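> Have a look at the structure that comes next, please.
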């Protein structure tokens, strides 16, 4: 689909002018130089995406297992009474491995066979083009996934069959971000992959979108509230504390990245709000009944 990026029918002089005036052109030329055969391969997008996954998991697994008692990380831990152990991490990695064998690698093979090489444009995208498209992709995914997520919680048979797999963990950590039922992985992966198809999207914009979408999805699962976290700057951004709350109280904080829909619909709640509740309300707020969760597997 990236071949839909418009071909610029420019004269030599016009092309040189555009190359000299586009802010991202030096970076685009540097990225392409000598790497064309890799970047144009239909295998590049899936393995690029996997490399982002593996990096987040590797970094925060090291932090969770070996640095959890370092004061900086200990203070930033949201659910301080929950320790991330190697046994917990292995359970998530095992499911991720099966999901990759079921979906990721077969889809990579399909792309290798049927998808032509990506045509790498000569020109970089303009800054406005890239930023405006990334903003639209971000808003579109956040809005759409909110409703997918909301329905998965409100339709009980769907929750029990599909989304409860992700909620085996009430205290998330980076490796649990991809602890998903295959159906949910397919939906989320397909939407992240195809949403840029609504525009003629430059492949550089496409790759940056992949990085942002996956990184934000991991960031909200890390289980740490760092002093530099984005939610401390932008009130409309959920961040790790909101999604941590969602895992602890699964009928709250449905929106994945922003929080405006949760605020409008009364689902946004903080740990400070919990402390203000009466004991009776605290015991039930945002939780399923014991009957609703009967028979579901809980890992932590």
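Cβ atoms here come from the backbone N, Cα and C positions, even for glycine.
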> Looking at 228-234, 235-241, 242-248, 249-255, which one is motif 'Histidine box-3' according to Swiss-Prot?
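Among 228-234, 235-241, 242-248, 249-255, the range Swiss-Prot annotates as motif 'Histidine box-3' is 242-248.
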> Have a look at 138-142, 143-147, 148-152 and point to the one annotated motif 'Histidine box-1' in Swiss-Prot.
148-152
> In Swiss-Prot, which of 130-152, 153-175 is labelled transmembrane segment?
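It is 130-152 that Swiss-Prot annotates as transmembrane segment.
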> Under Swiss-Prot, which of the candidate ranges 34-53, 54-73, 74-93 is annotated transmembrane segment?
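Per Swiss-Prot, the stretch marked transmembrane segment is 54-73.
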> Suppose you had to name the range Swiss-Prot annotates as transmembrane segment; which of 3-23, 192-212 would you pick?
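That would be 192-212, the stretch labelled transmembrane segment in Swiss-Prot.
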> Take the C-beta pairs under 8 A between the transmembrane segment (192-212) and each of 54-73, 95-115, 130-152. Which stretch has the highest count?
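By the under-8 Å Cβ criterion, the transmembrane segment (192-212) pairs most with 130-152.
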> Within the domain 'Fatty acid hydroxylase' (135-266) only, compute the mean pLDDT.
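Mean pLDDT across the domain 'Fatty acid hydroxylase' (135-266) comes out at 95.
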> Check residue 9 (N-linked glycosylation site) against DSSP and tell me helix, strand or coil, would you?
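DSSP assigns residue 9 (N-linked glycosylation site) to coil.
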> So if I exclude everything within five residues of the ends of the motif 'Histidine box-2' (163-167), which remaining residues of that chain have a CB under 8 angstroms from its CBs? That is, six or more out.
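Distant contacts of the motif 'Histidine box-2' (163-167): 95, 149, 152-153, 176, 179-181, 184, 247, 250, 293, 296-297.
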